[in-house]
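Quick look at what Swiss-Prot annotates:
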type	residues	note
COMPBIAS	854-875	compositional bias 'Acidic residues'
REGION	850-920	region 'Disordered'
REPEAT	97-136	repeat 'WD 3'
REPEAT	140-180	repeat 'WD 4'
REPEAT	350-392	repeat 'WD 7'
REPEAT	460-500	repeat 'WD 8'
Amino acid sequence: MPLRLEIKRKFAQRSERVKSVDLHPTEPWILASLYSGTLCIWNYQTQTMVKSFDVTELPVRSAKFIARKQWVVAGADDMFIRVYNYNTMDKIKVFEAHADYIRCVAVHPTLPYVLSSSDDMLIKLWDWEKGWLCTQIFEGHSHYVMQVTFNPKDTNTFASASLDRTIKIWNLGSPDPNFTLDAHLKGVNCVDYFTGGDKPYLITGSDDHTAKVWDYQTKSCVQTLEGHTHNVSAVSFHPELPIIITGSEDGTVRIWHATTYRLENTLNYGLERVWAIGHIKGSRRVVIGYDEGSIMVKLGREIPVASMDNSGKIIWAKHNEIHTVNIKSVGADEVTDGERLPLAVKELGTCDLYPQSLKHNPNGRFVVVCGDGEYIIYTALAWRNRSFGSALEFVWSSDGEHAVRESSTKIKIFSKNFQEKKTVRPTFSAEHIFGGTLLTMCSSDFICFYDWAECRLIRRIDVTVKNLYWADSGDLVAIASDTSFYILKFNRDIVSSYFDGGKQIDEEGIEDAFELLNETNERVRTGLWVGDCFIYTNSSWRLNYCVGGEVTTMYHLDRPMYLLGYLANQSRVYLIDKEFNVIGYTLLLSLIEYKTLVMRGDLEQANEVLPSIPKEHHNSVAHFLESRGMTEDALEVATDPDYRFELAIQLGRLAVAKDIAVEAQNESKWKQLGELAMSSGKLDMAEECMRHAMDLSGLLLLYSSLGDADGMMKLAALAKEQGKNNVAFLCLFMLGQVEDCLHLLVESNRIPEAALMARSYLPSKVSEIVALWRNDLTKISPKAAESLADPEEYPNLFEEWQVALSLENRAAETRGVHPPAGDYCSHADRDHTTLVDAFRIMQIEEEGRLEQGDVLDEVGEEGEDGEEEEEEDRQEESSDGRQQNVEEEAVVVDADSTDGAVLVNGNESEEQWVLTPPQE
């Protein structure tokens, strides 16, 4: 059966001819040496060039990373080896290494050695700790030495490939080869070692269009791979997968099964001839160098093949080797969230096929391994073969039966004792099957659920499925798609009644068999159920759990990790990474149980469970309750003061919020509480909160609204002390303390504003402030200072200046007088004429009467002379009457005016001055 291998292109970049490629072990970098003489480092994640080195004008045929030194070493046709620091771009070393073109450089995995091979038929060993001294020369080939490579299982030996048609195996300590393989009919271009521990193999590629697999212990050819139509220029045993990769000048890359040597796939990206193949241990990425650029592909999935049973025993497959560990062997005090568990790994055995999936049955007694189109069922303890067969996919039922998908049109169901029960041929193309409570078959755009006993259709659902997870109870199922997952409830009783009643079921199945509970827009990578709680890792590598549609993030994972299982007695969920490191995280079973009971509406039972949840997890419970609209309960459960304060504010529980604010003594809390108290009409509490929060603007609003003059006085002093001059000014102004306002403006260096205010409210202070203004302005612009006019010097420039001076003393008597709010009605109906306007009216009346008197005088002079004295007496009486009326005119201060304007209130027959008491 064919090897099921996903191949995804991850990087493509056109360039000059690529002669060699290499992958960085930790950075997402590809190193490419070009025929044009340039070295390029590409980031395959961002698809951008990171570094570029102009090495020479001749071809650079080989380059490698030396990651432990942050170096790149390159050999070129100018016969020089160059070493660069890829971080600083500095050139570390340049030296002439050979007498002809340098074909290959190879870096020792642990020692400070670099091998180089050349068209001068020599291989040289260089030691960078000795200043790149040539410590050894290996002679023996009779033609160009095309490639050298270290043996990963014995780094003291290496192999060389030459156009003299041979492969030679060397020891670092000896100048002579250990042995020679007459490998091909034509020149050998490339060689690579098998990295697995079970086969002493190497592979070669030749100009005779073939690749050959050799056993270097028996010195025999194991297999010849035929299929390329031109020279084979690159060969590779993949370090992680059971495949061989060959590249040829025919433009194709062929993928062969490393065990069966069957051709699995052929890649052709249309970039002309293939010159190089690069890979790295621990990664499934493969980079290919062509005439016209580079391609990187990812082969298969990186999910580790592993399974954990309910007791904490883990079995995993690495290549064909099977290993086991037991989580219970680690003490509870040695387990820390997010840390790798120090587990003792035991070798359990080997597998006859390459495992692509591995899964325990529900009771943990058996383990199935599936791959290469076959399956084998082993006993979990002794690893004995119990059953086998053909299968593209294998799934367990919840009670120990199993099903296999042999093809898209044939599915077999087996009993608990591994006997075939039934063969099903679906009417559609079944691309996947899933086990669990029901047998599920998937096409490209829908899934169908069947019962295990009779394989009767239960329900068809139109959804594209990536994976499916059943809860242990069999009542809940999670269906994961590419972008979201759905939680469905399986109505077992409804299905049973349909079957028992013999009702007809159409092609859509039983409509009420499933009930959609919720949908979450997150991609599930791996998942499992614990009770009614669905635990999963998402596409952002966060470990989440979902209860009743409420998603909670447990941890942010720092690398890709995959769920193994949950141990209830430890209250921990376990994950594994691709390096088979096992990591545990705490997830309390009592917490899950509590949330489940709340979702079911069983609050009484939930409250009984609550005490079993440790206090440090109560905030998580409170957040959950709040999300369910149970804010009162959340306040009772929460322990974090900040969170409790937010809940108390949300509920309007001012007393609780105040107690928290008193303990915290946090300004923001006092301010927030003050605003709520103000809006709730709790003015005393609002005042207290604003004072604690130093919310002077809020206090100004409060005191001005209440008409609290004493509060305004205290606030003015506090604001001035705190440097809040705007608030202090408003307080003083509303209190009528104009002199203090002027002093505050002057102290704040707002002298122009002080002068303007004095002109309006204290004319007698204008000259004094203008003098200050001049002195201050002289420092900046003497000419501008001279242009300032003092009203004492130039009264003609100030309109009604004498009127203002006359009114100042009278206004001073009423300034600062604040009638109580209870007297508002007696003031509201009064005339709101300002003092200045009243004074103007008086002046106009006086001038009119004076003009009228002048006219009478003129008439008397032209008439009888005897009447002159009588007319004078009349004028004197009239003048005395007017003077008396003026003194009796009424003056009223407008209590609603913030500038303390004086109002005139009177009538034609009687005028009287009324002064409002001064405000303080």
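Including glycine, each Cβ sits where the backbone N, Cα and C put it.
Residue counts for the repeat 'WD 4' (140-180) by DSSP state, with H, G and I taken as helix and E and B as strand, are 0 helix, 26 strand, 15 coil. In the repeat 'WD 3' (97-136), helix, strand and coil residues by DSSP number 3 helix, 21 strand, 16 coil. Break the repeat 'WD 7' (350-392) down by DSSP state and the numbers are 0 helix, 23 strand, 20 coil.
Under DSSP, residues within the repeat 'WD 8' (460-500) fall into helix, strand and coil as 9 helix, 17 strand, 15 coil. A mean pLDDT of 94 is what the model gives for the repeat 'WD 3' (97-136).
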